[in-house]
Structures are given as C-alpha cells and as structure tokens.
Amino acid sequence: MTESERRTVEELQKRLGVLFNDEELLFRALCHSSYANEQKQAGREDVESNEKLEFLGDAVLELFVCEILYRKYPEAEVGDLARVKSAVASEEVLARVSRRLELGKYLFLGKGEEKTGGRERDSILADAFEALLAALYLDQGYQKIKDLFEDEFESYIEKIMKGEILFDYKTALQEIVQREHKTPPEYVLVRTEKNGSEKLFVVEVRVNDETLAVGRGRTKKEAEKDAARKAYEKLVAEKT
C-alpha cells in the first residue's frame, strides 16, 4: 500500500472500531475493479480488486441473515423467510448500510468511476459492503460481524416483516436472474385487455426469450410489478 492508501485504511478501521490483523485484506475489500485495473496498468501487479472478497461476502451475508431469520421467526413459512432474506440482502438495503458507514468515501475507484459518481452508486456500495463482510470474517471471525451489524439487520428485517419497507419484486427478481443467467429479465407488453370499462395492460417477463410469468395491471408499470412478483415467487418455490 502507498502511504495515502494506508491512511484511508486506518481511517476506516477507526470508523468501524476494528483493528485488522491484516490491513492488506481490508485494503483489497476497498479496491474497485476499475482502480485495480488502473494500478496494474501502472505496474502495480499486487493490487487486486474486491471481486473475490465480494463473492465470499455474499455467502457470509446469506448465512448471517438466515441465522437471524431462523432464530427470530421460528414459526414463519420457508417461502416468507426466503422473500424477506432477498429483501434484506438486496442492493438497496446493503447500500443503505454502506451509506451509514460512509463506506463510499473510503473506496478506491478508477478515474472513470470517480467522475461518474461511483462513490454514491448503489451497486458499488452494496458490493463493497459484501467485500467488507468477507474481510471481517477472514480477519476477525464471524462473531465480529454479529457484534457490528446484528442489531442493524434485525431492525431492517423487522421493518420488512411489518411492511414498513416495501418489497421490490423487480429488484429481487433481477438480482436472482442476473446471478443465475448473467442477463437481466426483459419486460414485454404483449397486449391490452378490457375488464368491463377498464383497460388492463398484459406484460410478460422473459429470460433468454423464455416467459417466466405474465402480469396484469391498470398501467404498464403495475403490470410489470405483477409479472415480477409472480416470476419471483415461482423461482423461490422451485428452490424450496
């Protein structure tokens, strides 16, 4: 690490109240791929992106959230738990936690990402949080993650259970489809129907030209949401 990079890493440790045994691990968790690529082009072959840590962090997060759900809601149906798990592990919630930590200001971004507002982009913040979880897990152990974030995630889960945070089926579906098929779902308006005097829009949600579900609504947006909900519930049911 350069002196500037080391200072940033030290500042985040103070923010977290955690002293890492391996500061390089935390540094890597903060390195976006755009920064790692720029540094490699400049001859710094040892600078790695946070993508592998993000991969591990995704699994750590899933265990962390599932453990809370299992312990706090023993009577809940598996399908309901899966829905809440997807909501609390969504890009939107993880980005909120990252903003609370002010994680964006500690990230190492390439010049292009910096110019286009990468420090505030939900996807970058969510990915960085997962990478941070992995770094904490490897360096400090699972208990440290519980100490730092259990209360916060329990609060989000409770709000989702109560409907205070609305579940975004389109986002949840996109995350599943992107992860499994490496392509986003496509929403296609196939026709309109008459329901008495009311006009209904009919939308299909497709992945690789295969129809997952059909939704209906008084607006195209409402029909897309209905299709996303049906497709999401179908995919969750297939997994459980």
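The backbone N, Cα and C atoms fix where each Cβ goes, glycine too.
Feature annotations, courtesy of Swiss-Prot:
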DOMAIN    9-141  domain 'RNase III'
BINDING   E54, D127, E130  Mg(2+) binding site
ACT_SITE  D58  active site
ACT_SITE  E130  active site
DOMAIN    168-237  domain 'DRBM'
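Shown on the structure are the features that Swiss-Prot records.
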residue	record	Cβ neighbours (10 Å)
E54	Mg(2+) binding site	20
D58	active site	16
D127	Mg(2+) binding site	26
E130	Mg(2+) binding site	23
Looking only at the domain 'RNase III' (9-141), what are its DSSP counts of helix, strand and coil residues? 99 helix, 2 strand, 32 coil
Rounded to the nearest Å, what's the C-alpha distance separating E130 (Mg(2+) binding site) and D58 (active site)? Just drop the number here, would you? 6
The domain 'DRBM' (168-237): DSSP-derived helix, strand, coil residue counts: 31 helix, 28 strand, 11 coil
What are the other residues, in sequence order, whose C-beta lies within 8 angstroms of the center of the C-beta atoms of E54, D127, E130 at the Mg(2+) site? N50, E51, L53, F55, G57, D58, A126, A128, F129, A131, A134
Would you mind reading off the Cα separation of D127 (Mg(2+) binding site) from D58 (active site), to the nearest angstrom? 9
